Amino acid sequence: MAPFQTPSSDPPKHEMQYFPDMTTALPSESGEFRRALWTGLYSQLVLMTIPVGGDIGEEIHTRDQILTFTSGVGLAQVGSKEQKIKAGDMVIVPAGTKHQFLNQGPTPLILYTVYSPAEHKPTSVHKTKEEDEKEEAEGVDVPPEWSQRSRKQNIEEGWVKAEE
């Protein structure tokens with residue numbers, strides 16, 4: 001798998017973004033705790049690597065999140081439920097739901113996640129959880145305004161065409 005390109009901070013172009021081998025080649029390509037890969041008008045694709053013995057950190061988002069695990073084993077804690085997770089599993093976290101993901105295996109727990117709408121700055125790359133938490137606390141890692149607009153606003157401003 002080729003190295004990841006640096007994503008743009010601009011609103012997305014109307015063209016395909018292609019990420020080959022996302023479910024099979026990530027272990028050799030991912031080392032950062034968090035890396036934004038693509039940010040659209042209504043969603044964001046982010047790659048995460050949770051180190052051995054590590055976790056994401058308990059959190060609650062105001063947006064939906066879908067996580068697909070590509071390597072490792074761990075424990076998902078979402079709302080009042082717990083679920084062992086492994087490569088090939090997917091977990092959905094509805095907006096407003098407390099969640100935590102813990103690596104319980106001997107290798108990194110690697111996943112990609114889709115936030116809807118975006119949760120992070122389009123060019124975010126955090127080598128560690130501590131770096132990630134620092135940037136979030138300082139207000140550096142915030143999604144762009146254009147990724148938080150409504151469908152109606154995007155139609156009115158010409159970013160998307162209304163369905164015919």
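Our numbering is plain: 1 for the first residue shown, then up by one each step along the chain.
Every residue, even glycine, has its Cβ placed from backbone N, Cα and C.
Given the structure is predicted, the values throughout are model-derived calculations rather than measurements.
Counting same-chain residues at least six beyond the ends of the compositional bias 'Basic and acidic residues' (120-131), those with a Cβ under 8 angstroms from any Cβ of the stretch are 6-9, 31-36, 38-39, 44, 46, 54-57, 140-144, 147. Summarising the annotation, TrEMBL assigns compositional bias 'Basic and acidic residues' to 120-131 (among others).
Among the features that TrEMBL reports, compositional bias 'Basic and acidic residues' is placed at 153-164 (among others).
TrEMBL lists 47-115 with the feature domain 'Cupin type-2'. Sorting the domain 'Cupin type-2' (47-115) by DSSP state (H, G, I as helix; E, B as strand; all else coil) yields 0 helix, 42 strand, 27 coil.
Per TrEMBL, region 'Disordered' is recorded for 120-164.
Counting residues of the region 'Disordered' (120-164) by DSSP class, helix then strand then coil, yields 19 helix, 2 strand, 24 coil.
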